[in-house]
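Undergrad: Got a structure for you, written out below as structure tokens; questions coming shortly.
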Amino acid sequence: MLSLFICGTAVTSQYLAEQYKVNTPMLQSFTNYCLLLLVYTTMLALRTDNESFLQILKRRWWKYILLGLADVEANYMIVKAYQYTTLTSVQLLDCFGIPVLMALSWFILRARYRLIHFIAVAVCLLGVGTMVGADILAGRQEGEGSDVVIGDVLVLLGASLYAISNVSEEYIVKNLSRVEFLGMVGLFGTIISAVQLTIVEYRDIARIQWNWKIALLFMAFALCMFGLYSFMPVVIKVTSATSVNLGILTADLYSLFFGLFLFCYKFSGLYILSFIVIMVGFVLYCSTSTWTAETVSTSLPQPASTGLDNLGLKLEEDDHELPATSIQVTQEENGMANSS
């Protein structure tokens with residue numbers, strides 16, 4: 001479902017660019033952040049339990065400013081990169097965010113991976129390579145853009161910022177709340193994107209020949225992005241940011257399938273093969289739990305073993321590992337206890 005939301009944003013953006021010559025990625029993102037502001041920031045402001053809206057701002061305002069900046073610029077850089085480089089390059093280099101995400105999860109979230117997880121990631125990346133090969137064979141490699149190097153650098157930076165945003169999202173939704181994450185991203189994302197679009201896109205916005213079709217495409221893009229932002233924290237909370245990013249690799253394939261009918265793309269059997277390969281890698285990754293390293297405390301003794309992310313498995317493991325102990329009290333000690 002998340003992949004379909006991403007597919008919706010890609011299709012509407014391509015329609016705006018090809019049919020109506022509208023290239024305003026920051027304006028499109030601004031509409032999404034406004035929806036998040038209206039819904040989730042309002043919910044956060046009206047919340048009476050836990051921390052209040054003002055307390056959250058007072059304690060963590062600068063952290064959410066950095067998170068909002070990373071999220072806004074990641075969206076902008078990836079879309080902007082299409083003006084300089086090819087779709088094939090964007091699809092390949094965008095996968096750079098997955099190893100960055102795993103590294104950040106290792107150091108920040110203390111996630112520990114097994115061999116099967118690295119194999120699963122390699123399988124998913126092989127599926128992306130198959131999809132890129134299908135692009136080349138189908139002749140969709142045209143349009144190198146004005147400066148390929150700039151485009152490739154933008155993709156790498158955007159993928160890294162996405163990784164930072166996703167790791168932060170996983171930490172917040174698992175330790176704080178989903179509403180807090182979406183409310184703060186909506187607040188600061190709206191402010192940052194509003195400032196940026198007035199600086200870099202005011203001329204492009206002024207040239208838009210508005211009609212009901214363009215307005216409908218903007219609305220469809222905003223709703224798809226709002227759905228993506230609303231449901232991704234739910235999935236991340238029960239899995240992880242890495243597994244979600246592996247799963248949404250299929251979004252490019254859905255976009256290609258829609259492109260067969262909407263933009264007259266040439267079909268290739270490699271698209272089906274790449275979809276199957278990516279899904280096999282995704283299932284492999286989700287088939288085994290990752291480990292979470294326990295934080296070491298200097299005041300209290302800690303167990304030598306690490307815990308599983310799956311809480312049920314962890315509780316079952318603890319029940320089996322805790323030995324039954326008995327305490328023997330002598331008659332003398334019992335008398336001392338009674339006298340005290």
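The count begins at 1 with the first shown residue.
Keep in mind that glycine also has a Cβ here, set from the backbone N, Cα and C atoms.
Note that the coordinates shown come from a computational prediction; the quantities given were computed from them, not determined experimentally.
Residues or ranges marked as transmembrane segment in TrEMBL: 30-49, 90-109, 116-137, 149-167, 179-200, 212-232, 244-263, 269-287.
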Undergrad: Under 8 Å, at least 3 Cβ pairs, sequence separation 6 or more: does that hold for the transmembrane segment (116-137) versus the transmembrane segment (244-263)?
TA: yes
Undergrad: Take the transmembrane segment (149-167) and find every residue of the same chain, 6 or more past its ends, with a Cβ under 8 Å from one of its Cβ atoms.
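TA: Tertiary neighbours of the transmembrane segment (149-167) are 67, 70-71, 73-78, 80-86, 89-90, 93-98, 100-101, 104-105, 108-109, 236, 241, 244-245.
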Undergrad: Give residue numbers and ranges for long-range contacts of the transmembrane segment (244-263): same chain, 6 or more residues beyond its ends, CB-CB under 8 A.
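TA: For the transmembrane segment (244-263), the sequence-distant neighbours (Cβ-Cβ under 8 Å, at least 6 residues beyond its ends) are 2-4, 6-7, 10-11, 14-15, 18, 91, 95, 97-98, 101, 120-121, 124, 127-128, 131, 166, 232, 235-236, 271, 274-275, 278-279, 281-282, 285.
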